[in-house]
């Protein structure tokens, strides 16, 4: 069974490596996503219980066969996606009971045709139909019988070689027709059948390389299409005049769109447009037009006659660095101009927006260009008497002057992401909407009496802008700044606002703060949105939550008290740990751990050539008289003599004492401990005993020899040397008698 069903009965089983439709599909499921699996066959019983299914997504599987009655129980199905599978034919029986189906996607399979009749005759509610693949080669008469109205028809016929005239004529109306064709003759035949039924015609991946093949497209001049789009289309200097000639003859064409196309040439177009220019074309959109020799492109004088009636022009991401003054002056009716993501600079803008150019312009988008002088930009546009909206965001102005000359009608100005360090009186007083987001502003104190909307997102503000200079402000966005809180005075001044968006800041929430927002500020909606659950774990973490619905926890209401109690508790715990550590010698264990780690890095046994002493003698300074005058003399004068290591005599001067102890023990065959009451009280004796203790029990050898100079109570030996106590109880040690 599919394990990924949510409360709304949407089951997402995509990309799970399924080889068949899972069991357990019930009547409760409304959406079933089985895309990107390995399903090869759909059986009759697979979907028999899914009577309430609204969407079935089976794209990108390996489906090659479907039982004829597999979909018969899906009378409520509205969307069926079988694209990118391995279906070699389409059966009308599959779709016979899908009375509610609106969207059917069948592209990317391996069928060569749609059969001898219409597979879609029973789909009376069909709204969008996607067909075709690389093997799709034939469209026959009757293939679309039963379909009268479509919102969208997409035919991928890049290898379509046969089209029977009249095949699409049965469809009375198509709002959006998408044709992916290479054969211009087939394209012409399809368009002939759709002259009066298509509203928006989109042509993809067709090549118009020479003027001769354009003659077969003359049929388009009689089309009632209102919008035509060319996507990924190849154009040349030879074919552009022919296309323009066809388009200007189209009686109802309003909008022309070119997206991601290539133009081979430099604009040397020979055409006569003045005599019969289009009276209906109003909107021109060009996006990502690739002109390989754009730097040689001409001034477009040949198309000036087409421009006077255009009202909306968009030329995005096309490397435009200049609009010739004559072109601007011919755009008499232009009210909307989008030149974003191009190469316009300060000097070229001054030439493009020349006197008499764009006289009716109301909206101008110059974002993402190469403008760098704000004063010069404002001056270049100052004569545009009808300009209302200006977007010059994502340019690198850097500095902002104190005085600028803007159009008197300007109401909307977008200066976001322009690297300006502050705002000055360069900003026009006529504005109703101002966006200065993403500029690292630290303050905002401009007087803008008409301003209604102010956007200050992604800056460095620590306080709200003053309300007195902007008395008519209705909406304020200060998202992603460094605000900590609002004072009552700040909010009092903004009582008239309808929306304050202050989310993603550094607010410290409190009951008093939220109570003030809700009861005293009087703002219709406050978007606070605490950015970090550790700063404030509040229901307001969801942007746009109504402040009045929030119920804060003890932590949120009494943060200072709770933090103080936590600090006191932590201090007491630390104090307790220190006391316990002192009682149970924790410091000693830490020091021993460090010494043990150091010792572990060295060989357990020194090589025989490095052993210099028979024994290292560890004793207390208070016992030195007996050690040096009795024991050492006897051993070193014995026959054969023993060589002993004494700290007074054999330690290396200038070397760390601990290192001297470790080295001496390692270079001695034995370690001789002279135990006494003084020994167990000596700090350095403890160290020597500690290191030998490690060697003794780490290597399991008999390197230690214990000599009791005087009787020692067992309780006098530190408890931490439990193994030393044990060895005193299990191995032989020497006792020096009281009488010599």
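Just so you know, glycine gets a Cβ as well, placed from its N, Cα and C.
Keep in mind that this is a model prediction, so the values were computed, not measured.
All chains included, 25 other C-beta atoms sit within 10 angstroms of the C-beta of residue 11 (disulfide bond). Annotation source TrEMBL lists disulfide bond at 5-11 (among others).
All protein chains considered, the CB of residue 325 (disulfide bond) has 17 other CB atoms within 10 Å. According to TrEMBL, the disulfide bond annotation covers 325-354 (among others).
Sequence-distant neighbours of residue 404 (disulfide bond): residues of the same chain at least 6 apart with a C-beta under 8 Å from its C-beta are 374, 375, 378, 379, 426, 427, 428. The feature disulfide bond is assigned by TrEMBL to 404-426 (among others).
Feature annotation from TrEMBL assigns transmembrane segment to 561-582.
What TrEMBL records for 611-740 is domain 'TIR'. Residues belonging to the domain 'TIR' (611-740) score a mean pLDDT of 78 in the model.
Note: residue 354 (disulfide bond) has non-local neighbours 325, 328, 329, i.e. same-chain residues 6+ apart with C-beta under 8 A of its own C-beta. Long-range C-beta contacts of residue 5 (disulfide bond), restricted to its own chain and to partners at least six residues apart, with a cutoff below 8 Å, comprise 11, 12, 29. Its own atom aside, the Cβ of residue 426 (disulfide bond) has 18 Cβ atoms within 10 angstroms in the protein chains shown.
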